[in-house]
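Here's what TrEMBL has on this protein:
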- 8-409: domain 'PTS EIIC type-3' (DOMAIN)
- 27-51: transmembrane segment (TRANSMEM)
- 71-89: transmembrane segment (TRANSMEM)
- 101-119: transmembrane segment (TRANSMEM)
- 139-158: transmembrane segment (TRANSMEM)
- 178-203: transmembrane segment (TRANSMEM)
- 248-265: transmembrane segment (TRANSMEM)
- 285-304: transmembrane segment (TRANSMEM)
- 342-360: transmembrane segment (TRANSMEM)
- 365-385: transmembrane segment (TRANSMEM)
- 391-410: transmembrane segment (TRANSMEM)
Amino acid sequence: MEKFTSLIEKCLVPIANKLSNNKYLKAISSGCMSLLGVIMVGAIFSIFTNISWEPYNNFMSIYGLDKCVKFVPTVTTELLAVYMAFTVGFRGASCFENDNYAMSSGLLSLVSFMLLTPLDSTSLEGISFFDVSYLGTKGIFVAILTGLIVSRLLALIVHKNIKIKMPEAVPSMVSESFSSLLAASIIVIIFIIIKVIFSMSLYGTANDFVYRIIQTPLQSLTGNLPAFLICLIIAQLLWFFGIHGSMTVLPILFPIWIGYIGQNMASIAEGQGIVQPLNIGMWDLANLGGSGATIGLVILMFFTAKSEQYKSFGKLTLPCGIFSVNEPVIFGLPMILNPIMVIPFVLCPIILVLIGYALIQTGIVVAPIGILGLGSMPPFISGLMQGSVSWGIYQVVAVLISILIYYPFFKVIDKQACEREMSEKNV
């Protein structure tokens with residue numbers, strides 16, 4: 001165990017620390033998190049559009065509500081890349097210590113993204129159209145890259161004090177406008193050059209290049225079970241060493257999962273099943289009650305603990321665990337550097353995912369859509385909100401599995417706590 005611990009500390013921890021402190025990953029993560037509300041609203045209304053119950057459909061059609069409901073996913077999920085360009089640019093300003101220009105950073109990112117977005121070749125009476133497919137999940141990676149580049153360039157220009165200096169007599173509002181004019185012009189010119197370069201390439205547009213070379217391979221890579229489990233194991237091991245595993249791994253996965261939402265919703269709209277089951281819904285399953293799927297552990301502490309230490313701790317952590325807040329467990333039990341509890345902490349999420357994936361593949365359970373932001377909802381409710389009653393039922397079963405996995409290990413530490421308490425009383 002000591003050799004394993006020292007190996008992880010030497011190889012994995014330094015890399016994790018660098019990733020968790022990386023400004024670019026922080027910008028991506030915070031930009032994605034800013035869109036949770038938009039994503040959830042679009043996903044929920046998408047479920048409403050695909051309810052196959054005749055009385056409901058007739059009611060919606062008679063009053064014209066079906067068109068209104070269908071329009072919500074159109075302006076949310078199908079335009080995610082537009083919003084992503086702004087939020088990554090906006091949040092990136094803070095990450096690059098340029099808070100005063102956060103709004104300018106977001107707007108310039110949006111302008112630059114739209115500049116790269118190809119116009120549709122078809123036109124009506126001389127009117128040009130944007131290719132809408134690149135404004136949704138297909139354009140997510142271009143939006144992220146644009147937001148990062150613009151926010152970094154703007155911060156560099158501001159920090160180097162490159163601006164048009166106006167006479168002191170000029171009003172401050174006018175002076176500030178001219179100060180940002182040079183930065184905006186430089187950034188727009190750079191993206192015009194990028195657009196021209198790609199227009200002369202085999203790909204035709206920057207969007208097609210990024211989608212084919214970066215986005216599609218990454219989605220294929222992380223959409224398989226071994227890669228998903230590796231990410232999960234890394235996150236759990238990082239927690240063991242006191243590093244926020246989720247915050248290290250999720251910024252890399254969020255952009256890919258957002259792309260999965262669009263694919264799954266499009267598939268549902270066509271009457272097909274979920275095409276990307278290994279999405280954030282599966283990650284939330286692996287983290288029922290928080291990282292390590294500790295929902296079973298807090299239930300055991302609350303109902304079966306014999307030591308006063310864990311009886312009291314169970315009363316404190318169960319309400320939090322129901323809503324997947326388990327920092328008190330990780331830092332208070334603790335899970336960190338705990339050679340006994342690390343086994344179920346890593347093993348339980350893997351088992352839950354393997355069983356869940358097997359049930360999906362055999363058709364017993366319907367896969368979750370992959371809506372972001374439902375991880376803090378209680379089991380079964382989050383499954384329902386993921387568009388699957390059977391997934392909600394499996395979440396309840398997963399709670400029982402978590403209890404079974406944690407039971408023998410909890411009994412060991414509970415017995416140790418009882419012995420300590422008895423020895424303290426006898427002193």
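In case you wondered, yes, glycine gets a Cβ from its N, Cα and C as well.
For the transmembrane segment (342-360), the list of distant contacts is 225, 228-229, 232-233, 236-237, 239-240, 274, 277-278, 282, 285-288, 291-294, 296-297, 335, 366-367, 394, 398, 401-402, 405-406, 409: same-chain residues at least six beyond its ends, Cβ to Cβ under 8 Å. Counting Cβ pairs closer than 8 Å to the transmembrane segment (178-203), the top stretch among 27-51, 101-119, 365-385 is 101-119. Between the transmembrane segment (27-51) and the transmembrane segment (365-385) there are 3 or more Cβ pairs closer than 8 Å, counting only residues 6 or more apart in sequence, so the two stretches are in contact. Taking Cβ pairs closer than 8 Å, the transmembrane segment (248-265) reaches residues 16, 19-20, 25-26, 28-29, 32-33, 35, 39, 42-43, 46, 73, 77-78, 80, 84, 136-138, 140-141, 144, 215, 218-219, 222-223, 231, 234-235, 238, 274-276, 279-280, 283, 369-372 in its own chain, all 6 or more past its ends.
Remote same-chain residues near the transmembrane segment (71-89) are listed as 27-28, 30-32, 34-35, 38-39, 41-43, 45-46, 49, 105-110, 112-114, 132, 134-140, 142-144, 146-148, 150-151, 258, 261-262, 265 (criterion: CB distance under 8 Å, separation of at least six residues from the stretch ends).
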